[in-house]
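What follows is a single structure, written as structure tokens, with notes after it.
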């Protein structure tokens, strides 16, 4: 929020009271989830169509309060063309004492990758450009020591020019319940996260990119498991059962025993699975969909893969400023998280306006 307090107005939408600065007009509900509801709006100050998210009960518990702080800190830090960033954050409150609501403003993104895949089978050039942008965004995110954890087609926004932004970081760790059954939340998950095999690292996101890329090339979900076990079977049928060196790394004894009880399967020849695909695309998939996360390609390495030769530019694949996540290990009271969040709202400086955006 800027130092001079703007004039706010109130309206009720979908049984929720929205209290927003006058610059945001024509609010119309576009969706709601567990963590808030979202309206599309017109920003009269910039001429941009924006998404305004009102967080739901941001400070109702310590977990909520910490999640609210985490989301604001993350969004404030992200400054990259392929990652959703924060255009504005505001509260109608005039002081910390009356601070209870947080509104986040981001670009309004039209379609997501889900809509795109459903509509058409993509050309190889489209796939190159889309996956290149995901990896370019991931290189930036990973350089700040952040793991997305929940990359899937519905979390990737794409505009008419095929420009892509990564949305919705895995801020809230998914509950077991949300991961159960025939659900997309799980289809793109790396096996080590899905099955709690071990401490995971950033390459969980690379596994997800491999699943997404395979889907763009074929028009079909790669591992549409009906449950955790079915999903693991689909994965192992393609990549083969783990060898002794990987089994040693799985810290969960029950997971080790279960895997050892399965019939040994060799890795399939990816060229026979992705028939007709660009051989370079197949080669990259083989480097992403590796069961052993230590041997999976990184985002930075993948950008330099021959498949992206026409897009790769090492001087235009930036990394992030260091991101201080020491708060993650802190145990604070609700009011302390709330006060930290209030400081972040008040100290927000809007990003410089991009001329191209204003003309579009």
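Cβ atoms are placed via backbone N, Cα and C, with glycine included.
The ATP site in Swiss-Prot is built from 30, 31, 32, 33, 34, 35, 36, 37, 38 plus one of 45, 53, namely 53. According to DSSP, residue 323 (phosphotyrosine) sits in a coil region rather than a helix or strand. Look at residue 32 (ATP binding site): DSSP puts it in a strand.
Among the recorded positions 34, 36, 150, the ones whose Cα is located within 10 Å of the Cα of residue 53 (N6-acetyllysine) are 36. Residue 38 (ATP binding site) sits 20 Å from residue 150 (active site, proton acceptor), taking the CA atoms of both as reference points.
Residue annotation for ATP gives 30, 31, 32, 33, 34, 35, 36, 37, 38, 53. The furthest Cα pair among them is separated by 14 Å. The secondary structure of residue 263 (phosphothreonine), as reduced to three states from DSSP, is coil rather than helix or strand. Cβ proximity to the ATP site centre (mean Cβ of 30, 31, 32, 33, 34, 35, 36, 37, 38, 53, cutoff 8 Å) flags the following additional same-chain residues: 54, 56.
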